[in-house]
Structure formats: structure tokens, C-alpha cells
Amino acid sequence: MLTVVRRAVVALVGGVLIAAGSVTPAVAHQQWFVADPQDYPVDGAALLRPGVLLGVVVAVVVTLLGRAAASRLSVPELSAFKPARLLAVLAPWAPRILALHVGLSLIVLSFSGAVLSPTFRAPDRWEALLLVPQIIVGVMLIAGVFVRIAAVAIVLAATGITVASGWESVASTAVLVGSAVFLFVLPPRATEGSRGALDARTLSRAGLALKLGAGVSLIGLAISEKLANPDMAQAMLVQVPVLNVLAPLGVTPESFALIAGGVELALGLLLISGALPQLIALVTAVPFTATLALFGTAELIGHLPVYGVLLTLLILGSRADSSRALSGSPQIPSPGAAKKAVT
């Protein structure tokens with residue numbers, strides 16, 4: 001069995017590295033739906049617009065304020081709400097829940113001819129080499145077996161695609177890399193219901209990868225689809241006017257694109273900061289969930305890893321000890337106390 005798994009991993013990684021140059025050019029979330037996305041290249045000079053610079057400053061200030069507020073609030077920050085408190089019982093299962101989301105995403109994407117994300121289409125001549133091993137890796141994650149091997153395969157495959165496709169692909173691959181590193185550091189156990197032993201120190205390291213992956217993906221989307229690509233953002237708003245929820249207030253597509261990009265940037269920075277993990281996870285989930293009615297299954301499948309990350313942060317943020325570990329708080333238990341699992 002182990003030999004078969006190793007061959008699957010080698011095939012997935014090797015296939016991606018060989019065929020990466022043939023994969024359809026990188027596109028990301030908004031580009032899944034906008035007409036003729038290739039007509040809207042990223043314009044670095046657009047980042048120097050006054051509105052963009054103001055948005056960056058506001059995003060940084062909001063992040064600093066969020067971090068400051070988090071240091072003064074009790075944890076978990078949503079402990080006053082019973083549903084949020086009830087999530088605490090799921091904390092030991094968080095690695096398992098994340099693995100299920102990522103694994104299911106890989107399997108469904110394989111049947112649609114995509115590699116790692118709807119962003120990357122497998123060329124016909126490489127389909128078997130890329131998609132069959134991807135299914136195997138997805139099954140490994142769902143079954144909770146050889147999770148670390150599956151995680152390594154995802155990281156190497158994502159790295160190969162990113163190198164071949166350019167920095168814009170980071171918006172799609174970073175969240176997968178962060179999730180894979182989290183699962184490598186803190187894999188679900190194959191015994192005791194596949195629950196993870198959530199040592200506080202280990203969780204702090206794993207959580208850093210998870211936060212960085214999700215945050216970098218959001219920042220990448222903000223830059224590549226909005227702040228550095230105003231033409232694409234406006235084209236999307238013209239194509240689907242209902243997306244501009246501020247239009248009744250007189251906000252133009254250009255202004256709304258700036259606002260949306262700034263919000264996405266701020267959420268990415270807040271995720272990386274680890275401040276208020278429950279609250280930020282819920283707020284971040286709003287735009288990803290609201291667009292499901294417009295874009296349907298493609299949106300759901302493409303964002304399954306994101307949903308998995310946000311749910312994981314929401315669950316882990318529901319306990320004081322794991323919330324502190326996520327936020328990097330100095331109140332993390334001492335090495336002696338950290339030996340006790342958060343179970």
C-alpha cells in the first residue's frame with residue numbers, strides 16, 4: 001500500500017512539474033467568471049493610484065487596531081454567544097475537518113479536469129498523469145491515512161504550478177499550501193476517531209501556516225483582481241451589476257472595486273495577524289458565501305479549502321487555549337503546561 005501511495009505522490013508532483021508549462025494560464029476567483037479574462041493583464045502601475053494607496057493605509061490601520069483590540073478582550077471573543085461556545089467540543093477534530101474539505105475539493109476538481117484549483121486546467125495529454133494521483137491524494141486526506149505524504153505532494157505540486165504560472169497564481173495556491181503545512185505539522189490521528197492531539201506549541205506553528213496561507217490568498221486576490229487590475233474588476237461589475245451592493249448609494253464600479261480590494265486586503269492582513277480568529281473568520285466568510293447564489297457549484301467547489309480554513313479557525317478560536325495559540329499571544333502555556341493536549 002505504501003509503495004502505491006509513494007508512486008501516486010511521485011506521479012502527481014512529477015507530472016505537475018513536467019506539465020506545468022502546459023497548464024492553462026493562471027486565473028483566480030473573479031477570473032473564473034469574467035468574460036475573456038486574458039484581456040485584463042495585471043497593471044502594477046495601478047497600485048500607485050491615490051485610492052489604492054489610501055486603501056492600503058486603511059487596511060494596515062484596521063489590522064493594527066484589530067490586534068490592539070484583541071489584546072484587551074477576553075478569549076474566545078465570541079464566548080457570549082452559545083453557538084460559538086458549543087464549537088469548542090470540535091477543537092480536537094479541527095485537523096480532520098480541514099483534511100476533509102481539502103480532500104473533497106481535490107477529488108471533485110479532478111472530475112472537472114482541474115488541478116488543485118479551478119484556476120488550473122489539466123491539458124488533455126496530461127490528464128491521467130495529473131488527475132488520477134490527485135484523486136488518490138484526496139482520498140488519503142479524507143480517509144486520514146498518509147496525511148503527511150499527501151501534504152508534501154500538495155505543497156510541491158502547488159510550488160511547481162506557481163513557479164511556472166507566475167506570482168498571480170499565489171492567490172489560488174497559497175491557501176492550499178498553508179492547509180497542507182498545517183496538516184503536516186498537525187495531522188489527524190488514524191485512531192480515536194481521527195482526532196488530533198492539539199499541543200499548544202504545535203498548534204501555534206501549524207496555525208501560523210494556516211493563517212499565512214489564507215491571508216496571502218486573500219491579499220493576492222485583492223491585488224491581482226482589483227487593486228492592480230481595475231479594468232477586470234469593473235468589467236466584472238458591469239457583467240454582474242448586483243455585485244456592487246453600494247450602487248444604490250451612488251458608488252461607481254471603479255470606487256466599489258477599490259473598496260472591495262481594500263476590504264479583501266484588510267481581511268487578509270487580519271487573518272495573518274491572528275487577531276480575533278472567530279470574528280475574522282465569520283466576517284471573511286460573508287463575501288465567499290454571499291456569492292454562492294450567483295455563481296453556484298463552481299464557487300462552492302473552488303472555495304472548499306477556504307471554507308475549511310475559516311471553519312478550522314472558527315472552531316479553534318472557540319477555546320481560550322487554542323485561540324491564544326492561533327493569535328501568538330504571550331499567554332500561551334509554558335513548555336511544561338504545553339505538554340498537555342488540548343483535548
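Including glycine, each Cβ sits where the backbone N, Cα and C put it.
Any TrEMBL annotation is an automated prediction that lacks curation.
The following features are taken from TrEMBL:
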- 44-65: transmembrane segment (TRANSMEM)
- 86-111: transmembrane segment (TRANSMEM)
- 131-157: transmembrane segment (TRANSMEM)
- 169-186: transmembrane segment (TRANSMEM)
- 231-249: transmembrane segment (TRANSMEM)
- 304-320: transmembrane segment (TRANSMEM)
- 323-343: region 'Disordered' (REGION)
Selection from 44-65, 86-111, 131-157, 169-186, 231-249, the stretch that has most Cβ pairs under 8 A to the transmembrane segment (304-320): 86-111
Interface check, the transmembrane segment (169-186) with the transmembrane segment (131-157), three or more C-beta pairs under 8 A: yes
The transmembrane segment (131-157) vs the transmembrane segment (231-249): 3 or more CB pairs under 8 Å: no
